[in-house]
Amino acid sequence: MVHLTPEEKAAVAALWGKVNVDEVGGEALGRLLVVYPWTQRFFESFGDLSTPAAVMGNPKVKAHGKKVLGAFSDGLAHLDNLKGTFAQLSELHCDKLHVDPENFRLLGNVLVCVLARNFGKEFTPQVQAAFQKVVAGVATALAHKYH
């Protein structure tokens, strides 16, 4: 559960309504794979991830980034039940994929940076603070199965 004020909820919803999930998802996942190269081991089937340009131009990275942000959008619609919303994904990432739950926090922080880059002055300190709460809540929900 994420505790947001009505103003924070409105700010998150307003900005998220402008997000191009296809582009931002691919950029966020791509940046995660470039900045934290050890995360690439979970995506060996994606083909060439040998250079930043290869990662950022990889269609499988873009497609999976879109999928990730689609799930994130579902979370935004269920901020009062993030653990329930992400229960199956938490189980998948824990039991089958064996993803270090710290990677969820890293991706959330990368997403915040990508939003800041894409929205500039619209991404005010107040909007940033609200999104930090949201990505922290999503990361906690995704890590729930690990506990």
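Heads up, the Cβ atoms here are built off N, Cα and C, so glycines get one too.
If you check Swiss-Prot, you get these features:
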BINDING   His64, His93  heme b binding site
DOMAIN    3-147  domain 'Globin'
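The average pLDDT for the domain 'Globin' (3-147) in the predicted structure is 90. Here the domain 'Globin' (3-147) is broken down by DSSP into helix, strand and coil counts: 120 helix, 0 strand, 25 coil. Taking all protein chains in view, 19 other C-beta atoms sit within 10 angstroms of the C-beta of His64 (heme b binding site).
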